[in-house]
Structures are given as C-alpha cells and as structure tokens.
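Enquirer: I have a structure I would like to understand better, so I am pasting it below and will then ask my questions one at a time.
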Amino acid sequence: CHCQRNSVREIWDDLFSVCGGHERAQLTRSRSGKRRRIDTKMAVDNASYLMQFVDETSFYNRIVLSHLLPASLWEPLPHFLQTWLRNYLAGNLLYFISGFLWCFYIYHLKLNVYLPQDAIPTRKAMLLQIHVAMKAMPCYTLLPTVSEYMIESGWTRCYSRIGELSWILYFVSIATYLVLVEIGIYWMHRELHDIKPLYKHLHATHHIYNKQNTLSPFAGLAFHPVDGILQALPHVIALFIVPIHFTTHLGLLFVEAIWTANIHDCIHGNIWPVMGAGYHTIHHTTYKHNYENGFLTQFVDETTFYNRIVLSHLLPANLWEPLPRFLQTWLRSYLTGNLFYFISAFLWCFYIYYLKRNVYIPEDSIPTRKAMIQQIHVAVKGMPWYTLFPTVSEYMIERGWTKCYSTLDQFNWFLCFVYIVLYLFIVEFGMYLVHKGLHDIKFLYKHLHATHHMYNKQNTLSPFAGFASHPLDGILQAAPHVIALFIVPVHLITHMSLLFLGGIWTTCIHDCIHGNIWPIMGAGYHTIHHTTYKHNYGQYTICMDWMFGTLKIPVAEDNGLDQKANHLLPANLWEPLPHFLQTWLRNYLAGNLLYFISGFLWCFYIYYLKLNVYFPKDSIPTKKAMIMQIHVAMKAMPWYTLLPTVSEYMIERGLAFHPLDGILQAVPHVIALFILPIHLITHLSLLFLEGIWTASIHDCIHGNIWPIMGAGYHTIHHTTYKHNYGHYTIWMDWMFGTLKVPLAEDDNEKVK
C-alpha cells in the first residue's frame, strides 16, 4: 500500500497516525504546504520582475534589427544572439556616423579653425584605425551583451523602472556608478601601461597613434579587442555594486562610445575637471612606457643575494647553483617557509602548552598530539604550493610589472609610511573579501576551505593549524599581497617582511588565547570564527568585519571600555560611583595623561633634541609661560572632560537636548551625533585625536601640508586674531575669505 503513495510525506503521516499523532501530521503538512506556496509566489514574482528586462531588451532588438535586416535572418536566432547582433550593428552605426560627422566638421567645414592643416591626420591613418576597430568590434559588443544577460538573469543590482527609487536616490546612484566606473577605468588604463606584457601585447595597438597628425575620432575604438573589453569592464563590475536603472546603464555605455571618439580629435577645448581631448592628446604624445634596466637589475641582485644567504647555509652548492634563478628563489622560499613554520609553531606550543600550562588555556582545552600531527601533515603537503606564490610575485617584481621600488630615497619617509598604510588596507580588504567568499560560495567551501575548518573546537586548534589549509585556499588568501603590488608603490624588503609577519600572525591567531587589543584581530576573535563559521573574517584587524556587520566580540571583552581606570585607581575608589561619574573620571584621568604626555614629549623633541633646528633659541617659550599654560589647562580640565561624558550619556540614553556648556568649540562633536550615524568607539577615538591635534597646532612649526590647518596657519590666527579659524583644514577659511597663508608658502600658493 505504501509503495503506491505519491510521496514520502504521506508515508510519514501514516506513521504519525498509527502512533496517535494524526493531528500533528496534518499540522506539519499544512505548514509545509504554506511554505511551498510562499516560496512559489516569491519565485513567480521574481520571474515576472526579471521578465521586464527580457521584454525591454527584446523591444530594443526589434527596433534596431527590424530596420536593418529582414525578419527571416534574425527572428529565428536565440535571444542572446539577437542582443549581440543588435549591439554589433548599433555599435558600427554609432562608430561610423559619429566619427564621420565629427571629421567632416573639424577637418572640412572648420578647416584651419580648430587644427592647422599639417595637423590633420592622413586618410591612410584613418583607414588603418577603422580597420583595427572593425576587427575588434565583434568582441567589444560581446561585453554589453553578456552584461544584459546577467541583468536578465537577476545577478546584478539593476532595476527596470525609475519609479522604484526616489529621484534623489536615482541621481545619487548614477553619481556613485560614475565614480566607480571612473576609478575602475583609471586603474585599468594605468595598469595597461605599467604592466609591460599587457602594454606590449594589448595597449600598444592603440598607442601607435602617438602624434597629433595620426590621431582622429576614428582612433577612439582602434584597440586590441581584449584591451577594449578590459577598459569597459568597470561598467559591468559597477552593476554588482550600485543599483542602477537598466536603460540608464545602456545610455551611459552609448555616451561613453561617443566620448571615446571625441577625446581623440586633438581639439584643446578643456573644461575643468573634464578629461578633454587636450589632456588625452598629451597622454598619446608624451607617455613613457619603458623602465630603465638598472632599476630592474637592483631587484635581481637583491633576490639573488637572499638566495645565496639561505641556500648556502642549508644545501651543498652543487645542488642549488646549477638551478635556474626562478627555481633557486622557490627553493629558498620553500626551505625558509618550512623552517619558519616549524620553529615558530613549536616554540609557541612549548610556551603555552608546557611552560605556561593551565595559565593561558585549561588543560582540557589543549589540543591532542594527534590533532597537531594531522595539522602538520596538511601544512607540509601544501607548503610547496604556498611558497610558489611569493616566488611568482618576486619574478613579476624583477620584470618591472609591479610598482615595487628598491631604494628608500625614491620617496620621502612620509610617503613611504602612507604607502605602507595603503598597502595594508588593500591587503586587509582583499583578504576579508576572499575569506568571506570562501565561506559564502558553497562549492569553494566544500572543496577548499572545509579542510581548514575541520579544526572547529578549542581543543583542536593549535598554532600548527595556521597553515593547515588546502593549497589553493592558502594561495587565494595570500593573493591580495600580490595584487596590492600593482596598485601601491611599496619597497621590496617591506613587501617580503610583511609576508613574513603575515605568516607569524597566521600561526599566532590559532592559539585560542583571548589577549585581544582593539582593533587587532586577536586569537579570541578568530576562535569565534572557527566555532561559528559566520563571524570575524578579517586577518589583521576587526575593521572590515565592523564595516560589513560580521563582527562578533568575545564575551570577556564586551564591557571593557571603563576598565582602564583599574590601572590608575584602586577598585574601592571608583566602583561604588554611579556610571556617569565613572565615565567622567575615566575621561578626566585619560585627558590629563594625554595632555601631559603628548605635550611633554613634543616639547622635549622640538625644544631639546632639535634645539635650533625648528626654532632659534630666543623663540623658545619660557618655563614660566609653559607652567602658566599648564595651570590654566588644569583648572579647566574637569569642565573639558564633562562634555564627552555628557555626549556618552546621551548616546546611551538616546536623549536629545542642547547641552548648556561653555566649551563651544567641542560642541560640534556632540551636535554631529544627532545628524550622522557614528560608531561609539570611532567618536571617542576622534575626540582623543582632537586632543593630540590641538596640542600639535600650537607648536609654531610651519610644516604645512595642503589642505591641513597646520601650526603655521594657526600661528597666524594667534598673531592676527582675524584669520584661519578652521581646526583641521583650511577649506572653511578659503570658502569664507578668512584664509591667510604663511609667508614661507606665499610663492608656492601663487604657483598653485
């Protein structure tokens, strides 16, 4: 009887009824039926919505193809091929009509008006450009066809009707879309110049037109097909990031094609900040695409030196000297990787599991020897592949394909520091996205990342688990280190050191010790990641998780903000106080510490260590003057620190009232809390930085960096009383006409 039933669900209901649970079976069936109806309705609604895109593209196909081809030629084709054919024909029409009309106007009707006759490109040059563009046109038009297919499939954030968003959001989304496209095209174009194989095999096709009399509107699409697709790719990538109206997206692609023709006409009618033809002509006529050989030799010499240091101490010369240099570099990376892995992990395990037994981790949470041996086995299998990646990155650096540099004198120290920060930001952002993708894409998780997540309990995690990953998983998570080399200039040794430190860090965050220092992604955070699978994807900091809402804080640290007072006062003095007074006391003590430490260190540096460097001796303030300033500050400090205490109180209570406080210059920090969403710790950190900044702009050192309101500007404010009222930047003073530039910078300002 059961074999004749239509579904397992009915058999399950019969079993329930036999056991007296017939009512429960009916309830279960009704609930599942309701869920199926809801899912079906959602699927139907989604399909009908996506059908609007299909109808719209079909409408455009009919408009174009019905006027250009007999119906018997295009109607039998699949929808995708119809869309490509429409894009191909429309692209050709647009290219020829816009190019011909523009050439006719500037080279014939306005002869010698915009361009002298000897600057007009020859007919042969224009025919060559048309020939190159026609060869590539089938490939160019494939990209918008694929983008329309993805839109119709519902993979992007496109929407079909303008009424779905308000007009403000519509224009904001267009502005955001254009910013992303502009940034994407800039970097894509720049890398096509900076990465020599890409320039040689792709972009050089377009740059054969490198003189004014060889450039014409027809050169706008005279690219290698892959080059054209790469430069248009940001238009498609932006569809996955910003909601954009479908027809608006197509219109912007149409306008881009016209613009590309326009900026190759060599007419210098530039309107700031538009990238007119005058700017683009300079790009075609002055670009230098070859690196000096001596610059690259420095990288080769440096990596060869490292190879000799490592291999000569570990292997006989006859084993490694005959090898090609690439294999020598890989062998050096492989041997040092293994040494580093075993030594660092063994020493760390020996310290926390033997010397400090039951101090950091209870005995029942220490991983078994079997678990650690299994982790070592997985890591050793993957090590040859892990170390191949830095070897390839060094090869690309030696070939000059990256932005690496070899000597520190190429940039000043400030720029070196800025570039390191940018490099680390790109690496952190990239590793977050890769790690989250390895979890969210089920196929990648199942076949790659699950190998590492076998260790999902505290008593299975150890420092040896840091490299216990699938080889491809390890390579993907290290890829941002190499990608960053193509974006940010970074010193070769800095890059290699950061890779080395990244390896140590990977070992460290698997030890389960909860000694987290904000905003570092310590082992406490990473242990949560291994046990919950959906939090704390970052590598070095918690910033990305905080930004994207995947952060989960270890329980022991939830209420750690006010514990700073433990280090300054006995618990019996501050614990009985109300929470408001505890917060004020913390702000008062921290404010005093900040004031004295930053003020003292800065005075010690500029008035003692750098005596007569920044100031002549007779310009140094007297001890009496500084003591008087400290006296005034100490009298006011209890009131200064009342304002951030009140602001925290309002954040906690959600109150909205105007604080009757005399510290008017700090009030905007509180007012801004009612206008913009801001993270509590970010707000407190900005108040903290404000204290340091306020000390810094009173040191009279004229090291101003535009548009920062440096001490040079603020000194003018103190001496003239009517200029430079801003705090962080000079923008407000510039806008309202109260800006006065320090004398030492007057000439530079005129040049600007």
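In case you wondered, yes, glycine gets a Cβ from its N, Cα and C as well.
The feature domain 'Fatty acid hydroxylase' is assigned by TrEMBL to 175-302, 421-550, 654-738. Sequence annotations record features per position, and here TrEMBL assigns transmembrane segment to 88-107, 167-188, 232-255, 334-354, 411-434, 588-608, 666-689.
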Enquirer: Let me spell it out: take the transmembrane segment (167-188), skip the flanking residues so only those 6+ beyond its ends count, and list any with a Cβ under 8 Å from a Cβ in it.
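Expert: Residues 230-231, 233-235, 237-238, 241-245, 248-249, 252, 487.
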Enquirer: Near the transmembrane segment (588-608), which same-chain residues lie under 8 Å Cβ to Cβ, leaving out any that are not at least 6 residues past its ends?
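Expert: For the transmembrane segment (588-608), the far contacts come to 564-565, 568-569, 614-615, 620, 626, 633-634, 637-638, 640-641, 688, 691-692, 695-696, 699, 701.
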Enquirer: To what whole number does the mean pLDDT across the domain 'Fatty acid hydroxylase' (654-738) round?
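Expert: Its mean pLDDT is 74.
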Enquirer: For the transmembrane segment (232-255), what are the same-chain contacts with Cβ under 8 Å, counting residues 6+ beyond its ends?
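Expert: Same-chain residues near the transmembrane segment (232-255) but 6 or more away: 53, 56, 60, 94, 140, 143-144, 146-147, 150-151, 155-162, 165, 169-170, 173-174, 176-178, 180-181, 183-185, 188.
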Enquirer: Could you give the number of helix, strand and coil residues in the domain 'Fatty acid hydroxylase' (421-550) as assigned by DSSP?
Expert: 89 helix, 3 strand, 38 coil
Enquirer: How does the domain 'Fatty acid hydroxylase' (654-738) divide up by DSSP, counting helix, then strand, then coil residues?
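Expert: Residue counts in helix, strand and coil order: 44 helix, 2 strand, 39 coil.
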